[in-house]
Amino acid sequence: MGKKTIEENTITEGIIWKQLLIFFFPIMLGTLIQQLYTTVDTIIVGRFVGKAALASVGGPAAVLSTIVVTFFNGLANGAAVVIAQYYGAKDKGRLHTGLHTAYLFSIVVSLVISVVGAVLTPWLLKIMNTPQDMMASSTTYLRIYFMGILFTLVYNMGAAIMRAVGDSKRPLLYLVVCCVLNIGLDIFMVVILKMGIAGAALATVFSQCVSAFLVTWSLTKDYDSMKLQFRELRMEASVLKRELKIGIPGALQACAYGVTNVVIQASINSFGTDTVAGWAAYGKLDLIFWTVSSALGAAVTTFVGQNYGAGKWDRVYKSIRVNIGISYVFTGMIIFTLYAFCEPMYHMFTTDPKVIDIGVYMLRFLVPSYLLSILLENLDGGLRGVGDVLWPTIFTFGGLFLIRLPWVMILTPIYHKVEILLISYPIAWGGTLLFVIPYYFWKKKKCFNKICSEK
């Protein structure tokens, strides 16, 4: 691949829907491949180790690891928004500073998380009511995962920076290479060497290490106007403050989802190992939607961020509208596919008929509510692109802690039915949208009036 200059990657001009799709597909495929790392672990562990190990990898361990990664990704997205705005404004000096501040920050944070996570793993699993037959395997998997989390977080920050300047292809290419490596290592360590759940965790860590190396190498070589130089690594206070101002609310929002998922996982655990295993496998199929949703959110955030930096407000709001239309097309396809073919999909993870029946019921109950979630993702992504994260985060907290969490903690123990727990998802999304939609239009009107007054 040839080098790209800062002028060659701009998305502040041209046909929006085409650019969104061109930019979106590599992000979506890259996210799918990244999730495939853990999905392959789940399939191989479920087939070659056992039901308890399957529940460990896809249940409590998955929830805790997801909380950590999504929290950090919120911080990375804050850095990416700032970098996208500098990029759109063609401010090369601040772009250089933003890159080095964000990269060093990712290293420092990952080292802290690695130590704290490894030490607290048994306690975290205990407060989630993890079944005793899953404790040992869940602890092993999580501790290995935390010890290698540096590679995951460095890759995620580097990939976010690359996408912020319009390059979504290189992260995809690197993940394809690492996914193939991960599958090979999974087979070698779990099936051939019989290393069990530890082998699956190590395979994922080694593969993430390669992806972190490749993205770092690219940042040092492939961008004329944004070149990572290790001797320049330092955290500029003013830039870090701006990145964190946008990133922390997003990270807290992601963490809030994670906290409610911990409570939900604890509630799921109370239904027994079969339900935990069914929920774990459902979580892997559910990732199909969340992969598309997060990619669409990342695409609209980058588009809005660059055009906001360039002062092109017409493209800011048009890109949000176009992305919503694209989102509903993809979401409709996902709902149909999962609803129609969920039973054979579940057979990839387990042959236990009871686990399959429970999982199919969960999936068919929840997938129609994706239509609410995808709208929320688009509006939140658009507001994040212009640096407005405080109120959307407050609205999200309201939906989670005033609706979903009380619903699960109060009603589920009373009725002890899975469907009572499941319905908390669409109710919380719908309640949040009741506040986000009017806020979005108020924000749009406010910005339009400001533009008119400046003319």
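Just so you know, glycine gets a Cβ as well, placed from its N, Cα and C.
All TrEMBL annotations are machine predictions without curation.
What you are looking at is a predicted structure, and each value in this text was computed from that prediction instead of being measured.
Feature list (source: TrEMBL):
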TRANSMEM  20-37  transmembrane segment
TRANSMEM  57-89  transmembrane segment
TRANSMEM  101-124  transmembrane segment
TRANSMEM  144-165  transmembrane segment
TRANSMEM  172-193  transmembrane segment
TRANSMEM  199-219  transmembrane segment
TRANSMEM  244-268  transmembrane segment
TRANSMEM  288-310  transmembrane segment
TRANSMEM  322-341  transmembrane segment
TRANSMEM  361-377  transmembrane segment
TRANSMEM  389-410  transmembrane segment
TRANSMEM  422-442  transmembrane segment
Intrachain neighbours beyond the transmembrane segment (244-268), with Cβ under 8 angstroms and 6 or more residues off its ends: 59-60, 63-64, 66-67, 70-79, 81-82, 127-129, 275-276, 279, 384, 387, 389-390, 392-393, 396-397, 400-401, 404-405, 408-409, 412-413, 418, 421, 424
Taking pairs 6 or more apart in sequence, does the count of Cβ pairs under 8 Å between the transmembrane segment (144-165) and the transmembrane segment (57-89) hit 3 or more? yes
Contact set of the transmembrane segment (199-219) with the rest of its chain, CB cutoff 8 A exclusive, min separation 6+ beyond the ends, reads 37-38, 41, 44-45, 57, 99, 103, 140-141, 144-145, 147-148, 150-152, 154-155, 158-159, 161-162, 170-171, 174-175, 177-179, 181-182, 185-186, 188-190, 193, 226-228
Does the transmembrane segment (288-310) come near the transmembrane segment (389-410), with 3+ Cβ pairs under 8 Å (pairs 6 or more apart)? no
